[in-house]
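These features come from TrEMBL:
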type: TRANSMEM; residues: 20-47; note: transmembrane segment
type: DOMAIN; residues: 31-393; note: domain 'DUF3533'
type: TRANSMEM; residues: 214-238; note: transmembrane segment
type: TRANSMEM; residues: 258-279; note: transmembrane segment
type: TRANSMEM; residues: 291-314; note: transmembrane segment
type: TRANSMEM; residues: 326-345; note: transmembrane segment
type: TRANSMEM; residues: 378-399; note: transmembrane segment
């Protein structure tokens, strides 16, 4: 049994052990500080100045009258900070009317669109001449947006910007209308029959083309992606421990070792991703809106590809970084991925446009298609995830061969040194 002593013992063995402990402890703590400022700052920076750029929005005037002209001009000539930059698009480009504009928004040609609907000016003018009790100012303007594309953008950027802009425009037109009818001979009739014609001559309605109406979907579009990466890390650590405990890390030749690592990873992620997918089903996540009953299989395969894309990267670098360095890479891998999933990259600094190629962003986009029926880019997302898997399938063997060769060289040098020392040792 080893002799024990106090931490501050002055003996030489205690001092040596204390020095090793403090070196590892303080060095690791300093590495954590560096991680906070060099890696965590990526995520903080992603949220620091939102919006760094504005979202694009369309204004389409189907009215062609005074209301349409006033609203379009007011939106495009706004002064001060804005979260949406409005561009007037000719109504002739949409022969199908506002519904065609909505389809373009759903297909992600723009983030939002405002249509001034046909006959808005005529309806208001007629109601001022002949009071109409059923007059509805909200028929004048329609706002199209897709919450499920990015719920944070819809709730924090698009909707507040639209409400502020159209609220101010509606108020200004209400004042103009009140001044116009102040001396009208039928003012009393208007206020009696149709007061809303004066108080709210125009207003708007928001058409949320794909609402984020399943709260549990947050688990698969954002937070759950972090959990997937952590689960992948567990598999990496489990398989590494199994190889070390069994001695296979040293007894298998390189080809067999590489094959074992691939088979273990692909097999484990296949099963784990199935149970992860079943968990979402257990909490009644709807998967049939876009692809019908095939939605679950696509959902499962997407989770499988996701775990492979992030997990094989960890598996590849595990050999090079060892158990000491892989946790730092895992934190970096999480931050790099999650930073581009909170807000649209269009409103983030250009630095974050790397996100178009990272796994989390593409998994989140595909999940939204499966769950909410947004623009179908599932094929593109799978392609990018498979590209990450391919990169790891190339890098893992190369790293394994490099480390094995390095270990063999070190063992050979150690053996040669021991042999020389034995030969040089004088015989009794």
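Counting begins at 1 with the first residue displayed.
Cβ coordinates come from backbone N, Cα and C, glycine included.
This prediction places the mean pLDDT of the domain 'DUF3533' (31-393) at 95.
Residues 264-265, 268-269, 272, 276, 280, 283-286, 303, 306-307, 310-311, 314-315, 318, 323, 326, 330, 333-334, 337-338, 341-342, 360, 363-364, 367-368, 371-372 of the same chain lie 6+ residues outside the transmembrane segment (214-238) yet bring a C-beta within less than 8 angstroms of a C-beta in it.
Non-local neighbours of the transmembrane segment (258-279) in the same chain are 224, 228, 231-232, 235-236, 238-239, 242-243, 248, 252, 296, 299-300, 303-304, 306-308, 311-312, 315, 393, 396-397, 400-401; each lies 6+ residues outside the stretch with a CB under 8 Å from one of its CB atoms. Counted over residue pairs 6 or more apart, the CB atoms of the transmembrane segment (378-399) and the transmembrane segment (20-47) come under 8 Å in fewer than three pairs, which marks the two as apart.
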